[in-house]
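Engineer: Not my notes, these are from TrEMBL:
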- 100-124: compositional bias 'Basic and acidic residues' (COMPBIAS)
- 236-250: compositional bias 'Basic and acidic residues' (COMPBIAS)
- 2-77: domain 'Lipoyl-binding' (DOMAIN)
- 134-209: domain 'Lipoyl-binding' (DOMAIN)
- 90-125: region 'Disordered' (REGION)
- 224-250: region 'Disordered' (REGION)
Amino acid sequence: MAEIIRMPKMSDTMEEGVIAQWLKKVGDKVKPGDILAEVETDKATMELESYDEGTLLFIGVKEKDAVPVNGVIAILGEEGENIDALLKDIESGGSGESAPNDKSDEGSKGDTKDKPEEKPKDAAADIDVSGIAATVITMPKMSDTMQEGTISSWLKKEGDVVKSGDVLAEVETDKATMELESYDDGTLLYIGVAEGDAVEVNGVIAIIGEKGADFETLLKAHQQKSTSSGEAEVADAPKEEKATPKVEEGKKKVHPLTRMLILLIMDE
């Protein structure tokens, strides 16, 4: 089955990446760990590894072109596999995933008057982190199907000086064990995941920054942002309406067990 290769979020501030150079071409055989391309980010030029095995069936971004985070870069699959439907879905703005059509809008039309008005976000509640010289390191999405990663081992410890390109840890994904590189220079101020523990994609792994930076406030701000996003998703979810049983006037409700006892007495 074909696997879509997307632009990973290689740093917490990254919004897009530029393909500096392709190291593989369409038709090449690819194995996990092979370098597909070199990507220029807002931090540095990094290597884009493959986490799947197969044949490079499609390249969607030319050298020197930019693609946003999670944008389609390439497609891997079996040699000769037909990906026409997948490409058509991507070109039409779809995700490329074989998910059923979203019919959530069909039942919501005409119900907008019942929805509560959205309250403007209280900007005063946001934590100001503009003066904190540190960066939150989150779990990158290392494959199209990855939902979480497990820290198999830390290669750096809190207090260590880190340079861009240094390997921070080894991460077990649903595909293979890969190296987690740093895209920033600084000191490893905080480690948020113990060895052997799993963390979901975009979950906080660590914080790197200037020695003495207020990483606790940065962490609190990140958690507040994540919580706000989660609350918004819950608010958008349809509410289950529980029907209230109606009791006609003049009639008393009889418990089922009471009814059974009456029937047994009558039979005797």
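Backbone N, Cα and C atoms are what each Cβ position is placed from, and that goes for glycine too.
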Engineer: Kindly report the helix/strand/coil residue split of the domain 'Lipoyl-binding' (2-77) according to DSSP, in that order.
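Structural biologist: Going by DSSP assignments, the domain 'Lipoyl-binding' (2-77) contains 0 helix, 39 strand, 37 coil.
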Engineer: What does the DSSP secondary structure composition of the domain 'Lipoyl-binding' (134-209) look like, as residue counts for helix, strand and coil?
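Structural biologist: Each residue of the domain 'Lipoyl-binding' (134-209) counted once, the result is 0 helix, 40 strand, 36 coil.
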Engineer: Can you work out the mean pLDDT of the predicted model over the domain 'Lipoyl-binding' (2-77)?
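Structural biologist: Looking only at the domain 'Lipoyl-binding' (2-77), pLDDT averages out to 90.
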